Structure formats: C-alpha cells, structure tokens
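Below you'll find the structure, written out as structure tokens, and then a few comments.
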Ligand code: PMP
C-alpha cells in the first residue's frame, strides 16, 4: 500500500490571504499600516538576541500580565500562535468527530477550515439581509451535539457589531452544552458605548469564551500572538492541544510591551476609528451601501459588481479584499491612503 493523505482534505477550502503586490497599497488584511507601537520596537530587537533558546512554553510572563490587566485568573487564559491557532485549538479541545461547530456566514474564513481539520461538522448560519449576525437563526440551528458557537463581533468582513442587549439576550437563550466564543479580533477599534466588553459579559457565565489578538490594533500580525479567556477546564484543554513552543519569545516580549503601551494604542485607535467614520460617510455620500462598522474596515456589498470593483482598485494600485460576487472589504489606513481609496471608489462609479 502506498502512502495516502486524508481524502476529506480534497474538499478543504483554502485560506486565501490578502495579497501583497509590490508597489501597491495593501488594504486587504485589516492590518494597521503604522507598524508595532513605537515603544515596542526596541523590545522586539532586544528579544531577538535570545532566540538561540526555546521560549517559555507556558508563556508565564505574558499570561500573568494579561491576567493582571484584565482582572482574571491566569488559569482561564490560553495564549496561542495568533487567534487563528486558538480557533483551531478550540475545535480540537471541544469536539469529537462529527460534533457541530456553528458560525455565522459570511464571517472569518478560518472557521470552516478549522472545523473540517478538527473532524467536526460545520453549521453555517447565513447573515441577515443587513449583513449582521442572525442570532435567532443561530439559536434555532443549535443541535444536541453543537459544541462550539463562534460569534464574531465586529464581524469580519461585514463590520457589524452586537450591542449589549442583543448579545445578552442571545447568551441567556443558548441552552446548556455549547461553548459560545466571542471573537473580538477588532475590539480595540470599537467606539460605540453600547457594545459590551466580551470579558465583562463572559465573567458571570460558565459557557462563554473570548478571543483576542495582537495582530490588528497592536500591529503585531507578523509575530503571531493572540489569547483566549475561557472557562478554566476549556483553557486547560486548549493548552493541552497546543503545539509546544508555538508562541515564540519575540512575540511574548512584544505582547507584554504592547500591553504596557496603552496610551500609544488608544491614540492610534482613536485616529483609525475617526478615519473609519469619515471613509464610511464619504462612501455613503457617493451612493454606496456600507453597513455600520466598528472595526478597522468597511464592507461594500457590491454583489456582481465586486470583481469589477476589485479590478478597478488594482488598476489604481490598491489591493482590497474581494469575496467572489458578494462584496469587497477594505481596510482603513492612514488618511492619505484612505483618500487614494476614496478617489478609486469615486472613479469606479464614473467608469
Ligand atoms: N478572528 C478574526 C475575526 C479575524 O479577522 C482574524 C484575522 N483576520 C483572526 C481571528 C485571526 O487573527 P490572528 O491569527 O492574526 O490573531
């Protein structure tokens, strides 16, 4: 018998990263274009000097710093190689073969991938006509063997965000059994006071976890570090299924330094969130449909015009993120780059 790989991988959707095109401006991956926070840069260079040694596998210093900052027990935290790795660990930690993993769709494209890799069954629940999570439909789709429910807020790629009352109503109605995972990758850009802090919401509940990342607002996408706040036994199981040493020592040091640079973070997020409102207002004035967004991106549900919009942006040397014939997601960047995008959006309508 010759070697063979898992037959079901034939149907595994590929993760399509935002493209980097030399000479073009990348607005395709919801990164910040400003780099790491200023005070973190030196720490990264210093940490690099120690990479002949293995990193601390328990990520102790970062976990302790996070626990103190968030006022949570360290035993309830799991740190991973980006929050996408934590998504995968959650499925591995929670699901036996064939168990259900629910997620809204369209949402973060890794959810179906980690579900299938983990041997679980995807339960995809379409968004509402307003591009928001359909919480009633999600409640109705819960089965006895649903183990994980991803709730992406703000939702990637549509930007729509759950307000406190609707989220709490949903959590109150979820039956005992599944773990609800609030994916807050874009949390730092939220300005609406009605949007709750996921950890505050999760605190009094034993079936809610929260995912966060240093990839977006903190500007550390290339270092790969994120964390999960979860019920203690879930966090422990996530640590068990983690690839040993997967959070490298530069990432650990940079994440700690980033947590110490709160003022720099807030200033950066304030500017980006204000730019988001400006870009959205200008797009609306041009006649585009743009759902309200609390993230560092806007969603243009252009349907069959999406490929042409994408091509037009590429001609202007702007890389946006097109999803088939659904729409385009565009990252908010500096005022100058946002202006270039707005000019492209305007000329698309003329062309
Ligand atoms: N969750 C959401 C909603 C995301 O959009 C992303 C990144 N695109 C991630 C998680 C993963 O981010 P990372 O692995 O870089 O932490």
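Including glycine, each Cβ sits where the backbone N, Cα and C put it.
Caution: TrEMBL annotation is automatic and unverified by curators.
Marked as domain 'Aminotransferase class I/classII large' by TrEMBL: 25-342.
Secondary structure at residue 216 (N6-(pyridoxal phosphate)lysine), taken from DSSP and collapsed to helix, strand or coil, is coil. Neighbours of residue 216 (N6-(pyridoxal phosphate)lysine), defined as other CB atoms within 10 A of its CB across all chains, total 28. The N6-(pyridoxal phosphate)lysine annotation in TrEMBL covers 216.
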